[in-house]
Amino acid sequence: MTVLNRMDTLAEDMVADITDSPTGYTGVDGDAQWAAEVRRLAKLRGATILAHNYQLPEIQDVADHVGDSLALSRIAAEAPEDTIVFCGVHFMAETAKILSPDKTVLIPDQRAGCSLADSITPEDLRAWKDEHPGAVVVSYFNTTAAVKALTDICCTSSNAVDVVASIDPDREVLFCPDQFLGAHVRRMTGRENLHVWAGECHVHAGINGDELGERARANPDAELFVHPECGCATSALYLAGEGAFPAERVKILSTGGMLDAANTTSARKVLVATEVGMLYQLRRAAPQVDFQAVNDRASCRYMKMITPAALLRCLVEGADEVHVDPGIAAAGRRSVQRMIEIGQPGGGE
């Protein structure tokens, strides 16, 4: 990947201030001068900038497109630009490469991993499949390219129930890697031959039922937007089931579903159980609504590794480029295509 001539850019002084550490690149403020330079460098490189909903506000503001991982991967495939800068975690950039094999895909910091995607390896999945010969493997979109390549059908949080329901009821199903989304699918389908991998997103798992219940009872007129990866999703449904909270105000939603619901809600206050970066998009979508985090400490350190310094470095140096083995990419692409053939995949995570 070409390194831009720094002597021809206003970024020269800013790049000189960048420092690297295990927690990411720092030394640059996401101010107006930085934003203008990022946009100029992206144009010089012929790149489009994509940012996930959980990114820092300044990264979301400078991006050409903001959304969930599936929506952004589709945008990457359709974009006229030959270079994609994916501001998100590594599996998301991999997925963009799977769906856009002929494009250059960059991630501002390749160390931005994902605890959920890392909770199952290809070796784990092969061993699990050996224990259940003939089972259909359904993998959440939040998986590595290598796991997608061993998957029969991918799913998103908004279509996981429909994907599993489409499978022959006599076939065993291996659902990975998120145990909370898997529990939600089992609850909605009533399927007893659904085996669920014990993986989790460390951020969503940390939003517990006790704090959700406490916040809900303290705000009886609020709506609840709960991501299905949350450890508190079952508690949210229990609150509705026992009558402690009106069922119509408890909504289990993907990030895309949350944005749709934000645009139509009549509630004055909404309690949100997901990564706190989502609040920025929700508040922009419906500024008249008071969106509050159920847990304001629910911040993904990997998402926040995509800093202003990292994005500037990425555009100057053309780093870090994402590569996926062509065979793995082809197999992973098939599992995503099968999901799309079943029906509208909706939002990603």
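Each Cβ is built from the backbone N, Cα and C atoms, and glycine gets one as well.
Source: prediction; values computed, not measured.
Taken straight from Swiss-Prot:
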type	residues	note
BINDING	His52, Ser69, Tyr140, Phe141, Asn142, Ser157, His227, Pro228, Glu229, Thr255	iminosuccinate binding site
BINDING	Cys114, Cys201, Cys300	[4Fe-4S] cluster binding site
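Overlay of Swiss-Prot feature records on the structure.
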residue	record	contacts (Cβ under 8 Å, 6+ apart)
His52	iminosuccinate binding site	Val66, Gly67, Asp68, Ser69, Leu72, Cys87, Gly88, Val89, Met92, Gly277, Met303
Cys114	[4Fe-4S] cluster binding site	Val89, His90, Phe91, Asn142, Cys201, Tyr302
Tyr140	iminosuccinate binding site	Leu116, Cys154, Cys155, Thr156, Ser157, Ala160, Phe175, Cys176, Pro177, Asp178, Leu181, Glu349
His227	iminosuccinate binding site	Ser157, His204, Ala233, Ile252, Leu253, Ser254, Thr255, Met258, Ala273, Thr274, Glu349
Glu229	iminosuccinate binding site	Leu116, Ser157, Asp178, Phe180, Leu181, Glu200, Cys201, His204, Ala205, Thr274, Glu349
Cys300	[4Fe-4S] cluster binding site	Tyr54, Val89, Val203, Glu275, Gly277
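Apart from Cys114, Cys201, Cys300, the [4Fe-4S] cluster site neighbourhood in this chain, defined by C-beta within 8 angstroms of the site C-beta centre, holds Val89, Ser115, Leu116, Ala117, Asn142, His202, Val203, His204, Glu275, Tyr302, Met303. Cβ contacts within 10 Å of Cys201 ([4Fe-4S] cluster binding site), excluding its own Cβ and spanning all protein chains shown: 27.
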